[in-house]
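A.B. asks: Take a look at the following structure, please.
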Amino acid sequence: MSKAVLVLEDGRVFTGRPFGATGQALGEAVFSTGMSGYQETLTDPSYHRQIVVATAPQIGNTGWNGEDSESRGERIWVAGYAVRDPSPRASNWRATGTLEDELIRQRIVGIAGIDTRGVVRHLRSRGSMKAGVFSDGALAEPADLIARVRAQQSMLGADLAGEVSTAEPYVVEPDGPPGVSRFTVAALDLGIKTNTPRNFARRGIRCHVLPASTTFEQIAELNPHGVFLSNGPGDPATADHVVALTREVLGAGIPLFGICFGNQILGRALGLSTYKMVFGHRGINIPVVDHATGRVAVTAQNHGFALQGEAGQSFATPFGPAVVSHTCANDGVVEGVKLVDGRAFSVQYHPEAAAGPHDAEYLFDQFVELMAGEGR
C-alpha cells in the first residue's frame, strides 16, 4: 500500500495512505468539527492555503454533487485534506461522483487513515501551524520534509483576499420577474461564498459582486442601497485598502453589512485591532450571544483571526459610537460589532450557513430593513 505523511511544523509526523491526488501540499493545518458539509468546506475560499483536518471519522459518504459547492466553478480551495476513514462509495441521489475522484480531478493532495482526533488534540494544545502532506514522489527524509514545511509563508501577515477574489465584476439577479429588484447591493468579494448572493436574490436584491481591488468611486457609480463585505482568507491586518474603502463607505452614510473577514474589516475601520487565534473557530455548532437581546444562536464559523474586544464594550469612532454586539459563548471571542445608530453592522460567523444552522439568517432581513429605512 502506498504511503502518505502529514508533517507539522513542530516536527510531529502522522503516517497514513494517499487520498485524492498524490504529491505535495503545503499550508496551515487547521481542523473543522462539522459532522457534515464537507463539500461546502472544501470549496469555501476562506480555506485558501490551509490543510483541513476533518474531526468526523468518516468523510465522503454523500459523494460530490453539482449543487453544494460554495465557489464559482466548484473549485476546491483547500490546500490539502486529512481524513480518518474515507467512504469507499457515494450514497446520495444527487451525487455525480465520489469525493476522491473530485480531489484527483482538481489535483488536491490528501491523506487518509491517520488518527485525525490525535491531530486535532495536538493542534488544540499547540495551535494551528504550518504543515505539509507528502506522498508518492514527494516523499523524502523527515528532516527534509520538515524543512519544506517550515520554509513556507506564515498565515500571519498573509494578504490573500486578492488571490481568491473575482477578477471581473458580475451580477447576481434577484429571484422573481426579470428586471425587478427591491434594492441594489455592492458586494466586495474578499472570498465570497456563493450562498451569500443567493440569500440576497431570494430577498429580491440585485447583487453586484466586485473585485477586492474595487475603489469607492467604482462603488459610487453603482449608486447602491447598501455595501456588503464578504468572508475571505488571510490576515485582516494586511487589508489596508479594504479598510480605507470601508471608511469611505461609512463616511458616505451607505448602509453596510459584513460577514467573517468583513467583520474584521469593519472592526478595523472603526478602530479595533485584530489578532491570530490559537486554533480558531471552524465548525457548524458554535454558540454566539447577541448582547442586545441575550439570545444565543448556534452558528457556522470559519476563522483563525478575530477582533480585540470584550462583550458589550462601547467605543468611540469617527462615525459615531460603536459597540461589541456579539461574543462566542464558549470563549468570549468577539463575534460582532456595530455602530450604535445601526448604519453598519457585522458578524464573525456565517448567517448564510452552507453548511450549518440557519439561526442567524435573519441578519439578511435586518440589512434589508436598514436599506429600506435609509430611503436611498
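Every residue, even glycine, has its Cβ placed from backbone N, Cα and C.
Reproduced below are the annotations present in Swiss-Prot:
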REGION    1-183  region 'CPSase'
BINDING   S46, G232, G234, F261, Q264, N302, G304, F305  L-glutamine binding site
DOMAIN    184-376  domain 'Glutamine amidotransferase type-1'
ACT_SITE  C260  active site, nucleophile
ACT_SITE  H350  active site
ACT_SITE  E352  active site
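Each of these features: where is it, how hidden is it, and who are its neighbours?
C.D. replies: Counting only same-chain residues six or more apart in sequence, the Cβ atoms lying under 8 angstroms from the Cβ of G234 (L-glutamine binding site) belong to H48, M155, A158, D159, L160, A161, F261. Secondary structure at G234 (L-glutamine binding site), taken from DSSP and collapsed to helix, strand or coil, is coil.
Confidence for the domain 'Glutamine amidotransferase type-1' (184-376), expressed as mean pLDDT, is 96.
Within its own chain, C260 (active site, nucleophile) has S46, S230, N231, G232, Q301, N302, H303, V347, Q348, Y349, H350 as residues 6 or more apart in sequence whose C-beta sits under 8 angstroms from its own.
H350 (active site) falls outside any helix or strand according to DSSP and counts as coil.
The Cβ of E352 (active site) lies under 8 Å from the Cβ of K193, N195, T196, R198, N199, I259, E361, F364, each of which sits 6+ residues away along the same chain.
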A.B. asks: The record names S46, G232, G234, F261, Q264, N302, G304, F305 as the residues that bind L-glutamine; what is their largest Cα to Cα distance in Å?
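C.D. replies: The widest Cα-Cα gap among those binding residues is 13 Å.
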A.B. asks: Cβ within 8 Å of the L-glutamine site centroid (S46, G232, G234, F261, Q264, N302, G304, F305 excluded): which residues?
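C.D. replies: Once S46, G232, G234, F261, Q264, N302, G304, F305 are set aside, the remaining close residues are G191, N231, P233, P236, C260, H303.
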